[in-house]
Amino acid sequence: MRWLLKKRRTGIDWIGYGRDQHGRPVAVSAKQHTLVTGLTGSGKGSISGGWLKAQAPYIVAGLVHLYYIDLKGGMEAGMLDQSLIHQQAWSLPDAVDLLRDFDAEAARRQDAYRGITRDLSPDMEPRMLLMIDEAAELTAVAGENKRYASTAVGMLDSILRRGRSSGAVVVAMTQDPRVQSFTLRPRFPQRLALRLNDESEARMALGDIAVEHGAAPWLIPADKPGSCWYSDLDAGGDVQFFRAPYVDDDTLRTLGGTAAGA
């Protein structure tokens, strides 16, 4: 497994979160769809902040295009340096428009590179990074917004299926690991779980194999935000435990300028 390697992974394809409890480097793939699950106050912002901090130099360089959906009125994404965001959506109708644009571009790329490559790299086309804050709110709504939610689920499912062949990556965050809350959970091979309520939630968030290998996010103390279990289902479900460094609001607001001056 990649975390058994002593050499630290760096560059556009990796997100570094320091070291795990055994002193091994934590390198999360920036090329895989990733689902981040954790209760309120568990530190999901440290995961997303660390991801954005690592990708900021490549966003500034034009190698990554950031799309951001935050249905809490942009309260989380609004803290980020807005110059880094290629397209944003703070409401469900706007999110549907964003997903439609994203999927259309992903489809165009697949048509253009069919027979040429199955793993579109950023030197060919900018990586399309879609970050979704509280993904369950995107798909699990009722009433007059139900039609928008149904469309959003269909578009997001299409995007998740395209994946590497279109240079698309989705990072989704949610508080609720239940599949009925976020029906597209199985489409995410890379899982990160912060503090959860119990073992059953951990099995839903990370998979049975990860829990059998020792992952126990329900045992994370409430006063240890950013503490996280990581599992890659495509790599056999082995686990790694780490604490993501806190990324403060001032850092997020100035990421573009900091990355440009690096």
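The backbone N, Cα and C atoms fix where each Cβ goes, glycine too.
Taken from TrEMBL, the feature domain 'FtsK' applies to 23-203. The feature ATP binding site is assigned by TrEMBL to GLY38, LEU39, THR40, GLY41, SER42, GLY43, LYS44, GLY45.
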Cβ neighbour count within 10 Å of THR40 (ATP binding site): 8
Cβ atoms near GLY38 (ATP binding site) (within 10 Å, other residues, all chains): 28
Other C-beta atoms that fall within 10 angstroms of the C-beta of LYS44 (ATP binding site): 26
For LEU39 (ATP binding site): intrachain residues, at least 6 apart, with Cβ closer than 8 Å: GLN175, LEU194, ARG195, LEU196, ASN197
GLY41, GLY43 as binding-site residues, winner by CB count within 10 A: GLY43
GLY43 (ATP binding site) in three-state DSSP notation: coil
Set of same-chain residues at least 6 away whose C-beta sits under 8 angstroms from GLY45 (ATP binding site): GLU76, VAL247
Other CB atoms within 10 A, centred on SER42 (ATP binding site): 24
Averaged pLDDT score, the domain 'FtsK' (23-203): 92
Remaining residues near the recorded ATP site, that is with C-beta within 8 Å of the centroid of the site residues GLY38, LEU39, THR40, GLY41, SER42, GLY43, LYS44, GLY45: GLN175, LEU194, ARG195, PRO225
